[in-house]
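According to Swiss-Prot, the protein has these features:
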BINDING   21, 126, 127, 166, 167, 168, 169, 177, 207, 208, 209  dUMP binding site
BINDING   51, 169, 263  (6R)-5,10-methylene-5,6,7,8-tetrahydrofolate binding site
ACT_SITE  146  active site, nucleophile
């Protein structure tokens with residue numbers, strides 16, 4: 001995972017001080033890209049322990065089209081709690097945009113179903129895109145999408161994915177984002193009969209919060225360990241049929257967890 005550590009180092013070396021919505025303050029760079037060959041291991045950060053259950057449950061929650069934290073809570077995941085209202089609602093966030101994008105005529109578009117079918121039928125299409133950034137809905141969202149658009153690419157029987165992330169909390173959020181979209185790429189590849197290619201992660205504003213600088217330095221003092229493997233239940237052929245029982249990470253070696261506050 002040297003790609004991730006290189007981003008931490010770049011922010012330390014080149015970052016500029018900026019104010020932000022949360023009032024915490026950040027050190028930020030603009031424009032960065034990381035590339036991971038998914039055939040060489042599952043890209044879980046190893047220089048601190050990640051709670052993989054939260055990552056995987058959240059992705060399944062997105063794919064359900066859900067925007068209420070109730071299902072997350074039922075599955076012992078609390079990463080969205082700070083943004084939910086008293087009823088657990090978050091507004092039209094990722095799940096709504098992915099599975100039920102509202103059209104002006106009152107109809108909706110299931111972007112995930114659509115892109116999977118396009119991969120199967122038109123793998124060379126340059127329109128294999130899913131967007132969570134819906135300007136008409138931004139003000140109704142508890143938190144506008146940070147990872148806001150992704151595109152699939154098929155070549156030589158392999159499926160690759162590129163994510164554009166407008167805003168990236170590099171210490172807390174980015175390790176989750178890498179693993180989430182790597183998992184999604186594996187899942188979509190399996191249900192479309194493809195092997196995995198690359199995950200490309202492209203950033204707009206990539207930042208470390210001012211109260212994460214010491215934690216980032218600690219992480220950089222640790223040597224990365226070999227990447228684990230991802231194993232999916234090969235019997236699952238429907239993207240929406242995956243459950244936590246179908247997802248397994250093997251040989252995840254990692255350093256100890258590093259605690260850090262969430263900027264809300």
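Every residue, even glycine, has its Cβ placed from backbone N, Cα and C.
Locations of recorded Swiss-Prot features on the structure.
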| residue | record | contacts (Cβ under 8 Å, 6+ apart) |
| --- | --- | --- |
| 21 | dUMP binding site | none |
| 51 | (6R)-5,10-methylene-5,6,7,8-tetrahydrofolate binding site | none |
| 127 | dUMP binding site | 118 |
| 146 | active site, nucleophile | 165, 166, 167, 168, 169, 173, 177 |
| 207 | dUMP binding site | 11, 15, 18, 20, 26, 27, 28, 29, 167, 168, 169, 170 |
| 209 | dUMP binding site | 20, 22, 24, 25, 26, 169, 171, 263 |
Row residue 169 (dUMP binding site), column other C-beta within 10 angstroms, all chains, value 23
All chains considered, the count of other Cβ atoms within 10 Å of the Cβ of residue 167 (dUMP binding site) is 20
Excluding its own, the Cβ atoms lying within 10 Å of the Cβ of residue 263 ((6R)-5,10-methylene-5,6,7,8-tetrahydrofolate binding site) add up to 20
